[in-house]
Amino acid sequence: MQTSDNNEEIDHSRSLGRIRGLQRFTVWVVALLALAGTAVMTLSVLRDGAPGARNRISDVSPEGKVPLLLDAPNWELTDAFNQTVSQDDYRGKVVIYDFIFTECALVCPIMSMRMAEVQDTLKKAGVQDQVRFVSMSVDGKNDTPEVLNRYGYDDEVGVGADPAMWHFVTGDQQKVWEIVEKQFLLPLENQPEVTGMPIAHSAKFVLVDKQGRIYNYYDLDHSEERSALLADIERLMRE
C-alpha cells in the first residue's frame, strides 16, 4: 500500500514537472513571437517607409522625368556647428536627405555609409557646388550639435562627411518628428525595448530639387536605386 502511494506521488510530481515545463515553453514561444513581430514591424518601417509613399509618384513620363510629389517642408533647425539653418538656405541646390540618429546601431551606420559613397562620387564628378546632403537627427534629446559634429566630421570616428557639402541638423524632437512624419511623409515610432534601435524610422533617402520640391524617394541598399538617384541628381542639376 505504501509502495502504491509512493508511485502515485512520483507520477503526480512528474505530471507537475511536465506541466510546468510546458508552461515555461509556452511563455518562451509567446515572447519569441512578440519579438519577431517587433522585428517584422521594424524591418517593414525601415524598408518601406511611409505606406504607399513610392506609389504617390506616378510612372516616369515619356520625357524621362518623374512628376513632382510635393513641396519639401520649410524647416529651421540647428546644425553641427550650432548655427541655425533652414530649407531656404538650400534654394538653388539639389539636396539629398536622410533621417538618422547617432545611437542607432542597426540601419543608420549603413545609411551614412551610402550617403558618403554618393558624396564621394559627386565630388569626383566635380559637381560638389551644386549638391548638398542633409542628415536630420530624429533623436533631438541626445543628438546635440556637438554629438553630431563628432559623428559627421571627427577624423577618427566620423562618417567622412565633407562639411562644405554634408550637413547634420537637430532640434526639438517633437518638432523634428512632425517635419518627418507630416511633411516628408515618413514613419517614426518609439520602440525602447529594441536594443540598438530605440527609434524605428525609414531608411529612405529623399531627393529635393533646386526649387525645394520633393522629387523622389530611394532605398540605397539596392544598386539600381543608387544608379537611379545619381541619374536623377544629374537631371535636376541640368534644370
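Glycine is no exception: its Cβ is also placed from the backbone N, Cα and C atoms.
Caution: TrEMBL annotation is automatic and unverified by curators.
What you are looking at is a predicted structure, and each value in this text was computed from that prediction instead of being measured.
Look at CYS104 (Cu cation binding site): DSSP puts it in coil. For CYS104 (Cu cation binding site), the count of additional Cβ atoms within 10 Å of its Cβ stands at 21 [all protein chains shown]. The Cu cation binding site annotation in TrEMBL covers CYS104, CYS108, HIS201.
Here TrEMBL flags CYS104-CYS108 as disulfide bond.
Sequence annotations record features per position, and here TrEMBL assigns domain 'Thioredoxin' to 66-239.
Annotation source TrEMBL lists transmembrane segment at 25-46.
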Structural state of HIS201 (Cu cation binding site), classified by DSSP into three states | strand
Do any residues at least six apart in sequence from CYS108 (Cu cation binding site), in the same chain, have a Cβ closer than 8 Å to its Cβ, and if so which, in order?
-> ILE100, PHE101, THR102
HIS201 (Cu cation binding site) has its Cβ surrounded, within 10 angstroms, by a count of other Cβ atoms equal to 27
